[in-house]
There are 2 protein chains.
Amino acid sequence: MDIKNWRHAFKVDPAKNITDHALERLAESGTDGLIIGGSDGVTLENVLDLLARIRRYSVPVALEVSTVDSVTPGFDFYFIPTVLNASKTEWINGIHHAALKEYGHMMNWEEVIAEGYCIVNVDCKAAKLTGVDKVPDEEDVVAYARMAEHLFKLPVFYLEYSGMFGDPAIVKAAARVLENTKLFYGGGIRNAEDAREMARLADTVIVGNVIYEDLEAALTTVQAVQTMSH
Amino acid sequence: MDIKNWRHAFKVDPAKNITDHALERLAESGTDGLIIGGSDGVTLENVLDLLARIRRYSVPVALEVSTVDSVTPGFDFYFIPTVLNASKTEWINGIHHAALKEYGHMMNWEEVIAEGYCIVNVDCKAAKLTGVDKVPDEEDVVAYARMAEHLFKLPVFYLEYSGMFGDPAIVKAAARVLENTKLFYGGGIRNAEDAREMARLADTVIVGNVIYEDLEAALTTVQAVQTMSH
């Protein structure tokens, strides 16, 4: 299924422990996809382990690439983040260049989805890693959304609140200026109500941390989103 | 005329003096377009002066934006460089973000052409300005070309040798991996033979400095390119 139609996805961190039973419930929850990705501790070994345990289910699986070393065939999609508000060039296009030098000739571009990230929570791990040191305000976010849509023609603009629930006014402002680029929202979704609120504004809602803290609550977010009209 | 079909363009620097007669000869030379742009000394005043003197001719005119302050309506196209091998984030997407914050709501995106620059000559002014300190080799250039085409879906990949004639093997290698993205070549074209050599490899050949040093030689590059099949 085309990611343009994704309304809900779970983000599963290869560096965190998860039981086979929990994985099965996520895979068969009715979510549109599983995104395998994390900010640190991601290795080829833990990615392959998760891949092997997930591929028995029919749910689409994407690898969100954070280190070149952990890339492996077998995923339906490869999400490539470019952190638009990073202060370190390596996270805008530097690691990408290194990866393209090594693997550019053998990449299947139909499986590759470039995501324009805007990291809003400056205290999260991804912010520290990429050098996001200033909280972008609504105007900043709107300008990054336009950059994703018009300048770089990215298929996805990813508003990342990582661990904190976002400001609906900002999410709405980003949504308003996007047309071809899809808006992914991630951060702080802990229950069905949170998921519904952000799904009213964003194209796709990503649920991550709560998987590890309260699996039942995480699972309720699927139906909350999937029963909405958009 | 769509820039996809441009085979030849002159780059006119607003910070340099040029007579009305020379401008007329460039405008009526049969070139596909004039690109107004330079690395330093570009001001709103000298851009407007050049615009006023050029608009009497029917040749398409593009403003290549290097400072936000010098942007003005009246051009057919606005070329926005993103320097893919810059070490300063501001030249990859920082100035762009500032400009989008200010003008994003009023931009006509059909007139905007994002150019993915790869600056090869590390001694040129643009290299110093943007922090290009390492000469990209053939593999580097190919990886940047793929980045322009696939990751950022840029309409133009601009191989900039600025003042020095490029290595045809590298230009050819870039051309080979580009499909939807057009290859602009600029740098060191001083006569018809130089122009023909690069026009065999690149989609569009940009002729700049020689305009100011030997106008007659510059004018011979137009027919040299326009009489070739591609």
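Just so you know, glycine gets a Cβ as well, placed from its N, Cα and C.
Listed in TrEMBL:
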type    : residues                                                                                          : note
BINDING : A:Lys11, A:Tyr158, A:Leu159, A:Glu160, A:Tyr161, A:Ser162, A:Gly163, A:Gly188, A:Gly208, A:Asn209 : sn-glycerol 1-phosphate binding site
BINDING : A:Asp13, A:Ser39                                                                                  : Mg(2+) binding site
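In this structure, the C-alpha atom of A:Asp13 (Mg(2+) binding site) lies 8 angstrom from that of A:Gly208 (sn-glycerol 1-phosphate binding site). Here the C-alpha separation of A:Lys11 (sn-glycerol 1-phosphate binding site) and A:Ser39 (Mg(2+) binding site) works out to 12 Å. For the pair formed by A:Ser39 (Mg(2+) binding site) and A:Gly208 (sn-glycerol 1-phosphate binding site), distance between Cα atoms is given as 12 Å, rounded to the nearest Å. When secondary structure is read from DSSP and collapsed to three states, A:Lys11 (sn-glycerol 1-phosphate binding site) falls in the strand class. Every protein chain considered, the tally of other Cβ atoms within 10 Å of the Cβ of A:Lys11 (sn-glycerol 1-phosphate binding site) stands at 18. Around A:Tyr161 (sn-glycerol 1-phosphate binding site), a 10 Å sphere centred on its CB holds 21 further CB atoms from the protein chains shown. In this structure the residues listed as binding sn-glycerol 1-phosphate are A:Lys11, A:Tyr158, A:Leu159, A:Glu160, A:Tyr161, A:Ser162, A:Gly163, A:Gly188, A:Gly208, A:Asn209; their two most distant Cα atoms lie 17 Å apart.
Other Cβ atoms within 10 Å of the Cβ of A:Gly163 (sn-glycerol 1-phosphate binding site), summed over all protein chains shown, number 15.
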